[in-house]
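Q: What follows is a single structure, and I will ask about it in a moment.
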2 protein chains.
Amino acid sequence: MTDLPIPSVTTGPLPASTKVFKPGVLHPDLRVPMREIALHPSAGEPAVTVYDSSGPYTAEGAQILIEQGLPRLRAPWLAARADTEAYEGRHVQPADNGFVSADRLTPEYPTRHRPLRAQGGRAVSQIAYARAGIITPEMEFVAIRENLGRAAMRERMARDGESFGAAVPDFVTPEFVRNEVARGRAVIPANINHPELEPMAIGRNFLVKINANIGNSAVTSSMAEEVEKMVWAIRWGADTVMDLSTGRNIHNIREWIIRNSPVPIGTVPIYQALEKVGGIAEDLTWEIFRDTLIEQAEQGVDYFTIHAGVRLRHIPLTVDRVTGIVSRGGSIMAKWCLHHHRESFLYEHFEEICQIARAYDVAFSLGDGLRPGSIADANDAAQFAELETLGELTRIAWRHDCQVMIEGPGHVPMHKIKENMDKQLEICGEAPFYTLGPLTTDIAPGYDHITSGIGAAMIGWFGTAMLCYVTPKEHLGLPDRDDVKTGVITYKIAAHAADLAKGHPAARLRDDALSRARFEFRWEDQFNLSLDPDTARSFHDQTLPKEAHKLAHFCSMCGPKFCSMKISQDIRDEARAQAGMSDMAAKYREGGDLYMPMPEDAPAS
Amino acid sequence: MTDLPIPSVTTGPLPASTKVFKPGVLHPDLRVPMREIALHPSAGEPAVTVYDSSGPYTAEGAQILIEQGLPRLRAPWLAARADTEAYEGRHVQPADNGFVSADRLTPEYPTRHRPLRAQGGRAVSQIAYARAGIITPEMEFVAIRENLGRAAMRERMARDGESFGAAVPDFVTPEFVRNEVARGRAVIPANINHPELEPMAIGRNFLVKINANIGNSAVTSSMAEEVEKMVWAIRWGADTVMDLSTGRNIHNIREWIIRNSPVPIGTVPIYQALEKVGGIAEDLTWEIFRDTLIEQAEQGVDYFTIHAGVRLRHIPLTVDRVTGIVSRGGSIMAKWCLHHHRESFLYEHFEEICQIARAYDVAFSLGDGLRPGSIADANDAAQFAELETLGELTRIAWRHDCQVMIEGPGHVPMHKIKENMDKQLEICGEAPFYTLGPLTTDIAPGYDHITSGIGAAMIGWFGTAMLCYVTPKEHLGLPDRDDVKTGVITYKIAAHAADLAKGHPAARLRDDALSRARFEFRWEDQFNLSLDPDTARSFHDQTLPKEAHKLAHFCSMCGPKFCSMKISQDIRDEARAQAGMSDMAAKYREGGDLYMPMPEDAPAS
């Protein structure tokens with residue numbers, strides 16, 4: 001499992017797409033990336049602007065050398081705040097890479113930057129600045145990024161949707177972002193040691209985001225594969241990436257990923273801590289865990305999943321479950337608690353964990369270690385008991401100026417999904433919810449991107465801020481590159497369906513543009529506006545390969561004679577030609593009637 | 001495009017599955033098929049019984065000769081009713097096969113049975129019998145078929161779900177079926193000329209059903225492919241199949257399909273009628289359409305999609321739509337109406353259409369010719385104006401003792417889905433709703449099985465009785481065999497998720513059995529209980545190919561050390577070992593607290 005010295009990653013623009021940058025106002029040096037999809041001249045429409053999480057990799061003629069890493073665009077912003085200090089930091093130890101043998105060691109990242117931390121124990125978190133009334137460059141970056149098409153939209157259409165009490169504004173101002181972060185309703189995961197980051201927000205009043213999980217395991221995969229998986233996942237729209245590696249080389253692989261990631265990177269530190277104690281849960285200690293947090297904070301991890309909600313008292317509630325505890329972190333902590341018969345060290349030391357997080361601005365993703373692993377266990381006593389604890393921990397984290405989001409299930413039948421959202425909002429004071437699916441049935445292994453995509457779309461509509469993807473390999477194996485893409489596209493669908501249903505003012509622009517292209521047989525535009533232009537095109541070409549058919553006013557489903565779109569266009573022309581037709585339309589809308597003289601041979605019906 | 005004289009189709013049981021038959025009580029000769037999935041002895045559980053729509057093809061050692069057709073099991077039931085007469089019937093004309101040239105003609109079906117029709121204009125429909133208080137063999141067949149595991153279930157668990165006013169019983173009796181059919185709340189599509197049919201019901205108070213569309217087009221595909229597509233679709237769970245052929249050979253291909261189909265076959269007769277007039281919508285006449293209805297009724301088509309709701313007055317309402325009219329049938333009729341500037345001949349002659357339908361028991365699927373083709377057009381004036389007309393036609397059909405279901409959209413954002421269901425129930429007097437998806441966004445061509453699977457699961461939960469599948473090729477091309485399977489599995493997921501959420505008393509049996517298998521690392525059981533055992537197994541084997549791993553107490557996601565299920569089982573054993581642990585659990589549930597003595601070094605949190 002040795003790595004190429006310089007692995008290559010996927011680069012280049014998506015079809016008909018150009019990466020454009022918008023400047024800031026408060027911070028004129030900002031260059032906020034967006035993707036413009038050009039339409040065929042016959043459309044007579046402007047290019048469609050879409051959210052772009054893919055980073056420099058999709059720029060025209062991108063020159064990517066992953067051993068150099070991405071530009072450190074946040075460095076000047078951090079320097080300007082003058083509240084951090086560079087220090088020598090922790091040095092890599094054999095344990096950090098799981099005591100891997102030299103011949104299997106992933107090479108250390110070529111360049112090492114001295115880590116930053118807050119000066120004198122102060123909080124350098126976005127929530128601390130927000131509460132102090134400061135609009136950071138990160139906040140303005142987010143405001144501009146979230147505003148795609150909103151201005152245009154306002155003239156175009158009235159708001160249409162059901163947001164269940166969310167407060168999605170017509171236009172996102174930097175002040176709105178600051179206020180949402182200050183209230184804890186949004187997080188901007190942005191470790192001060194991840195200056196390569198293009199800031200994004202996770203919150204109910206912003207676009208619904210999606211996370212893609214990558215990571216090697218004891219069983220398989222290498223650094224080169226993981227870096228490419230990250231680049232591949234963001235190419236298709238992943239907003240954050242979690243590195244869930246559990247095998248050897250965890251430290252070194254993570255460094256290669258972070259230095260090349262324009263999106264926030266999340267981890268579950270307990271996984272690495274467990275490797276450090278040879279995989280024996282009982283041997284975990286607070287000291288080893290604490291050391292792991294600092295190790296990862298110095299590398300630039302943007303959010304930590306912390307399973308501090310799994311308390312000794314909760315464990316008996318899982319004994320009679322069909323699938324017990326299915327969260328890895330949760331089961332590790334449960335085993336530790338039960339073995340020592342004492343309270344979780346994560347729960348006991350949570351305030352110290354907050355002290356570390358605020359010094360680097362690592363956001364918390366409070367893990368739902370007791371999430372249901374089957375329909376039978378959904379919304380049970382164990383799950384909701386833990387949620388109460390997560391609410392308590394949320395308030396502690398906020399007291400320490402830490403950013404917090406809450407992880408959610410899991411496996412939940414449709415009729416129990418909304419209860420999860422409502423309880424989370426109430427118990428956790430509107431901290432952003434971050435759910436895994438949920439899967440709406442257990443009977444389709446191999447298709448759990450779909451069983452969970454259904455639940456994800458619904459809970460996203462109800463208010464979940466970020467959806468953690470599920471791939472077709474869930475429950476069965478490790479996702480490969482194709483699985484990652486399928487998972488990401490499925491979750492982009494769920495997130496977008498949620499934005500539409502919530503009535504996000506800009507969401508429908510893309511649907512309408514694609515539908516107009518469809519109605520006007522602009523096949524190329526239809527492909528280019530889709531979430532996956534390559535697949536759309538290849539499916540079309542399987543039946544009608546010829547270039548000429550890209551201009552055809554029909555497709556393979558019906559052929560020319562049966563094309564409803566074609567007939568419908570004739571109808572429109574004919575209808576418009578017929579005098580007074582549109583006046584009639586108006587009459588009908590008012591419920592007016594029209595007597596149609598019948599030939600004698602036609603019986604009344 | 002010549003066909004093999006004897007094309008072969010896919011046969012053989014699914015893994016670990018046996019086809020079993022249950023007898024009737026009122027009609028002891030009934031043999032109602034079900035599939036039993038055997039579990040590993042270590043499970044200590046009985047086989048899991050699941051609904052089986054796959055017909056004789058999945059029986060052990062099935063001998064299928066498609067030129068002979070399936071056994072005509074309903075023939076004695078029909079004879080016993082003694083209310084029909086065999087007659088010479090219509091003979092095939094060149095127009096019926098679209099004037100195809102001899103060299104491209106699909107061979108006629110080898111055997112011809114004289115068609116049956118009702119004696120002396122009486123109604124031989126299931127609804128007529130139901131209203132007369134007669135419980136037909138078809139009704140008892142359905143009752144037994146729908147009862148999978150219900151008896152067992154009643155002891156097992158309380159009902160859990162939200163059914164939005166549906167009346168799903170704990171146990172389905174033949175009388176319950178009769179009553180639902182009599183009230184028009186369920187249909188049993190069962191043409192008297194389709195005696196090969198294994199009866200099934202479509203209704204809100206039964207299991208949610210799915211339909212798969214097949215059919216050749218002007219552009220491609222042959223009889224052999226279409227018969228195999230039908231067999232393939234029901235193998236994976238399609239409850240009905242619609243033949244949407246639009247090219248040549250329509251009559252002959254349909255005959256091959258019906259003679260070999262154990263599930264109801266639906267068609268859109270206007271497609272064939274249009275072929276008969278060379279594809280010129282304006283040239284359609286009532287006489288040609290009427291002749292086509294009789295042609296298809298004599299062949300045994302079980303339900304007709306009739307677009308009689310598209311009235312001249314509705315057309316202007318579509319003029320300002322983003323995607324106009326996207327229903328093929330709807331656009332054909334709209335063009336006819338507009339060209340002649342007169343009312344639809346389907347609407348005018350609807351009572352005569354009822355006369356034909358009641359004489360063969362062809363059920364109606366009243367087409368939504370004005371369904372929205374984009375998010376922008378959802379729930380608009382045109383769609384709901386047509387729905388009002390469909391309500392009017394439903395009452396007319398019921399007056400004539402015809403069975404009716406109503407077709408629904410289409411493209412609908414999540415927040416507008418329930419309004420469709422509620423209006424349909426109210427306007428159409430609870431006649432079964434049969435929807436296409438709906439697609440919840442327009443931006444994912446290539447993935448519209450997923451964009452629509454989301455909407456299908458939701459509207460199925462709200463009360464839709466049958467979900468018409470959408471394949472990955474929707475909007476792009478003609479589905480091939482793989483697309484058909486993907487569409488069917490996706491819709492089985494949606495239908496099952498809906499049954500779970502409605503609180504169907506037997507739905508959860510399979511989820512729970514699979515989840516127990518998952519928790520106990522019974523990999524083979526997990527594969528065999530899934531909707532697609534082949535895919536589940538192959539995904540698992542991609543990472544852990546060895547047979548030994550089928551017994552492994554871990555999988556490739558985490559490896560042995562990290563397996564939450566493994567740890568969770570240890571926890572369970574340990575917890576049970578620790579005295580009084582479950583009593584403690586009880587205490588916690590009552591909100592009791594437990595003081596945990598802390599060592600001095602542990603700070604209070």
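Cβ coordinates come from backbone N, Cα and C, glycine included.
Unlike curated records, TrEMBL annotations are generated automatically.
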Q: TrEMBL has B:Asn213, B:Met242, B:Tyr271, B:His307, B:Ser327, B:Arg328, B:Gly329, B:Asp368, B:Gly369, B:Leu370, B:Arg371, B:Glu407 binding substrate. Which one of B:Tyr347, B:Tyr434, B:Tyr447 is in the same site?
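A: For the substrate site that includes B:Asn213, B:Met242, B:Tyr271, B:His307, B:Ser327, B:Arg328, B:Gly329, B:Asp368, B:Gly369, B:Leu370, B:Arg371, B:Glu407, TrEMBL also lists B:Tyr434.
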Q: Compare the C-alpha of B:His475 (Zn(2+) binding site) with the C-alpha of each of the binding-site residues B:Tyr271, B:Arg371, B:Cys563, and give the closest one.
A: B:Arg371
Q: Sequence order please: the binding-site residues B:Asn213, B:Tyr271, B:Ser327, B:Gly369, B:Tyr434, B:His475 that have their Cβ under 8 Å from a chain A Cβ, otherwise just none.
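A: Only B:Tyr271, B:Ser327, B:His475 pass the 8 Å Cβ test.
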Q: When you put B:Cys563 ([4Fe-4S] cluster binding site) at the centre and draw a 10 Å sphere around its Cα, which of the binding-site residues B:Tyr271, B:Ser327, B:Gly329, B:Arg371, B:Tyr434 have their Cα inside it?
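A: Cα filter at 10 Å returns nothing.
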Q: Given a 10 Å Cβ-Cβ cut-off, pick out the one of the binding-site residues B:Asn213, B:Ser327 that has the most other Cβ atoms nearby.
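A: That would be B:Ser327, with the most Cβ atoms nearby.
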Q: So what sits near B:Arg371 (substrate binding site) in its own chain, CB-to-CB under 8 Å and at least six residues off in sequence?
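A: Once residues fewer than 6 apart are set aside, B:Arg371 (substrate binding site) is near B:Val326, B:Ser327, B:Gly330, B:Gln383, B:Glu407, B:Gly408, B:Pro409, B:Gly410, B:Leu436.
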Q: Work out how many Å separate B:His411 (Zn(2+) binding site) and B:Gly369 (substrate binding site) at their Cα atoms, rounded off.
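A: Checking the Cα atoms of B:His411 (Zn(2+) binding site) and B:Gly369 (substrate binding site) gives a distance of 13 Å.
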Q: Given the binding-site residues B:Gly329, B:Gly369, which one has the fewest other C-beta atoms within 10 angstroms of its C-beta?
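A: Each of the binding-site residues B:Gly329, B:Gly369 was scored by Cβ atoms within 10 Å; lowest is B:Gly329.
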Q: Ranked by the number of other Cβ atoms within 10 Å of their own Cβ, which of the binding-site residues B:His411, B:His475 ranks first?
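A: Comparing the binding-site residues B:His411, B:His475, the most crowded Cβ belongs to B:His411.
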Q: In the domain 'ThiC-associated' (B:13-85), how many residues does DSSP assign to helix, to strand and to coil?
A: 14 helix, 18 strand, 41 coil
Q: If you draw a 10 Å sphere around the Cβ of B:Cys563 ([4Fe-4S] cluster binding site), how many other Cβ atoms fall inside it, taking every protein chain shown into account?
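A: So the Cβ neighbour count for B:Cys563 ([4Fe-4S] cluster binding site) comes to 20.
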Q: Looking only at DSSP and grouping its letters into three states, which state does B:Tyr271 (substrate binding site) belong to?
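A: Going by the DSSP assignment, B:Tyr271 (substrate binding site) falls within a helical segment, counted as helix.
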Q: Helix, strand or coil by DSSP: which one applies to B:Gly329 (substrate binding site)?
A: helix
Q: Judged by the number of other CB atoms within 10 angstroms, which among B:Tyr271, B:Tyr434 is the least packed of the binding-site residues?
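A: Among the binding-site residues B:Tyr271, B:Tyr434, the sparsest Cβ neighbourhood within 10 Å belongs to B:Tyr271.
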